Amino acid sequence: MAKQEDIFKNVVSHAKEYGFIFPSSEVYDGLSAVYDYAQNGVELKKNIREYWWKSMVQMNENIVGLDAAILMHPTTWKASGHVDAFNDPLIDNKDSKKRYRADVLVEDYAEKIHQKAQKEIDKAKARFGDAFNEQEFITTNARVIEYLAKEKEIRERLGRSLGAGDLDDVKALIEELEIADPETGSKNWTDVKQFNLMFGTKLGASAENAMDLYLRPETAQGIFVNFLNVQKSGRMKVPFGIAQTGKAFRNEIVARQFIFRMREFEQMEMQFFVRPGEEMKWYEHWKETRLKWHLSLGLGKENYRYHDHEKLAHYANAAADIEFNFPFGFKELEGIHSRTDFDLKAHEEYSGRKLQYFDPELNENYVPYVVETSVGLDRMFLAVFATSLKEETLEDGSTRTVLQLPAVLAPTKAAVLPLVKKDGLPEVSRKIIEDLKWDFNVAYDEKDAVGRRYRRQDALGTPFCITVDHQTLEDETVTIRHRDTMKQDRVKIAELRGIIENEVSMKNWLMKM
Ligand code: GAP
């Protein structure tokens, strides 16, 4: 089995074993692509959400929050284009009877070619060391040039065919590239067909009077239909933003890869309303700002890249993804879209109400243009969790599993451990917890030898272990152990809050942006 697959399997089993993520309704054998966040997962997820919210809403005077309902008037989805155009191109394999997204089959093929080029680059890097000039190598090495040109050609053709709705050409591309069913190797494909991703539901007590509704496939439309309410009640001046986090639902056809592609998931979206004509300036601004936010978490610059879209969604005049190096390769983590005035104009048209802003500086009314940033909370979780999970070999040859989560996101910030379960040490430990719990999530653990307790906290991602021993009773000092270095310092109990705060405060992390 490939190493990547091993790493990914490890991520999934660690998430379950240590109480981060469980399959939904597991007693009934689960529900495909639906997951529950367990006691530690819910804390990590909450911290990621808060880290995003603070950077968007608290740190920007001109961005405010919103929590719109999941159920919306059904005309919303007609106006937004989702009823007519929120489709995925599907293809079935006639032999295996398996169903795939045709675009994903082609994109995975293109990514494999990219990986071949990357392998050549990595090999040369290892050979030439510090003297290696990557840019020069990419533009002069014949093999790399060939791989990258092929990748570009495939991606561009896919973009063109999807953009033009030419599904026959998507099938032709799959056949020309000789793409096989990833599970069986069969190349016996059906034609490509469109499939709408929205989940339908009904509102109302009786079948005759029930109204057909959809579970929202994105949170963004709740922001658009509230644009004028927020602008007026908040006396907001363009440019301004509305931020929202919440559940979205998509009947994904190929729901694989754990929490990467789910049927029920959470988005963190911000719509930034700007003057028409200024959208490209703001698009560049948000593209850069959002990457800085990701980088502030310290998961490694090399794990991110931009992917500028060839194929634009029906509402966009520019779009880019921030891709992350997941255990199964680079994939979309966040989308930044210049959505023009498409959504507000469409809601004006379908509702018959004006959704315009009076700009006092220009002395005119207009429908603002919108730049959107949209990141999946579950994908953020997976990026952070998978990258942080490490298997380390220690100096004495033993190994440890450590979840090196950014301390600001860790579910529990410190565990307090009495060295033994007697002599008053548990009581002192409880007193320390009573004091720290006002500011931080802290845990108590007295079971097993202290070394095993350290390992357990390492696997949970807890940045600090505080050990109370007999010396504590004499001089009010404890040892504080740092998760990543395993270094232990003897400090006064009164210093603990300051030490923890310094490592976990959102301010210190966000200031790295
Ligand atoms: N409002 C724009 C929008 O919804 P999108 O690219 O379809 O754009 C935005 O989705 C983000 O939502 C993606 O970058 C991804 O992180 C997340 N996302 C989309 N579909 C998802 C799914 N099925 N499961 C988990 N996250 C998903």
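Cβ atoms are placed via backbone N, Cα and C, with glycine included.
In the three-state DSSP reading, V375 (substrate binding site) counts as strand. Within 10 Å of the C-beta atom of V375 (substrate binding site) sit 24 other C-beta atoms, taking all shown protein chains into account. Summarising the annotation, TrEMBL assigns substrate binding site to R101, E218, F265, E266, Q267, M268, E269, E372, T373, S374, V375, G376.
The ATP binding site feature in TrEMBL is assigned to 250-252, 260-265, 332-333, 376-379. R263 (ATP binding site) falls outside any helix or strand according to DSSP and counts as coil.
For 151-418, the entry in TrEMBL reads domain 'Aminoacyl-transfer RNA synthetases class-II family profile'.
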- Query: What is the Cβ neighbour count of L333 (ATP binding site) at a 10 Å cut-off, with all protein chains included?
  - Reply: 22
- Item | For E252 (ATP binding site), the one of F265, Q267, E269, T373, V375 that lies nearest, given that the binding-site residues are compared by Cα | F265
- Query: Looking at the binding-site residues E252, E269, which sits with the largest number of other Cβ atoms within 10 Å of its Cβ?
  - Reply: E269
- Item | Under 8 Å by Cβ from T373 (substrate binding site), same chain, sequence gap 6 or more | E269, M270, F272, W286, R290, E334, G335, I336
- Note on the structure: Hits among R250, E252, F265, Q267, L377, R379, i.e. binding-site residues with CB under 6 Å from ligand 1, come out as R250, E252, F265, Q267, R379
- Students should find that the Cα atoms of R263 (ATP binding site) and R101 (substrate binding site) sit apart, in Å rounded to an integer, by 15
